Amino acid sequence: MEISTNPPSSSSSSVSSSIINGSLHHHIITRSDHYPTTFVQADSSSFKQVVQMLTGSSSPRSPDSPRPPTTPSGKGNFVIPPIKTAQPKKHSGNKLYERRSHGGFNNNLKNSLMINTLMIGGGGAGSPRFSPRNQEILSPSCLDFPKLALNSPVTPLKQGTNGNEGDPFDKMSPLSEEERGIADKGYYLHRSPISTPRDSEPQLLPLFPVTSPRLSPEM
């Protein structure tokens, strides 16, 4: 088996190296071209050893020896950054001031509502029932419920011309009769006003002429 390599050279001579049974022999061969060729003779059993000697490997590597770790190209100098520990957030002074201001507003609102309730009940700052120490405690005795009660307005019932037409609780009123008619029959007919007296016979209007125009006395 032969392996030939052609390294570039400017000289016209070439160096031929041959390895036979582990010994290296050099032969100088003059050639007309400028590319010397290295010929290597080896059998199939020693071919691997010869290739390792030519490539620079000092000793063949055993199959059980661990392989060196391979690093991908461009990532050999990659360093894992340290994990940043989460630090507790510090509340700014503005947010703390806002919470304090809102808390003071709520307390002032609560105190003002309490004082107003006591004043409505009939007791002010000079009342014996008013005590600055017991502002947080409100008992029913401190409040005057009759004075706090609001009178609901009374809505008058709408009445008709007869005085009892608009009372829905009166069984004889037209409203109750209308409701009963709708509940029984599903409809209710209102009576139409009559302009003429009921005793007189209604007047009939002729729809067609009674006499013929040919029999008129003018002709």
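Quick reminder: no glycine exception, Cβ is built from N, Cα and C everywhere.
The stretch that Swiss-Prot tags with motif 'VQ', taken from the ranges 47-56, 77-86, is 47-56. Checking the candidates S62, S127 against Swiss-Prot, the annotation phosphoserine falls on S127. Within the list S152, S173, the entry that Swiss-Prot describes as phosphoserine is S152. Annotated by Swiss-Prot as region 'Disordered', the relevant range among 24-45, 156-177 is 156-177.
Within the list S23, S141, the entry that Swiss-Prot describes as phosphoserine is S141. Helix first, then strand, then coil: DSSP counts for the motif 'VQ' (47-56) stand at 9 helix, 0 strand, 1 coil. When pLDDT is averaged over the motif 'VQ' (47-56), the result is 82.
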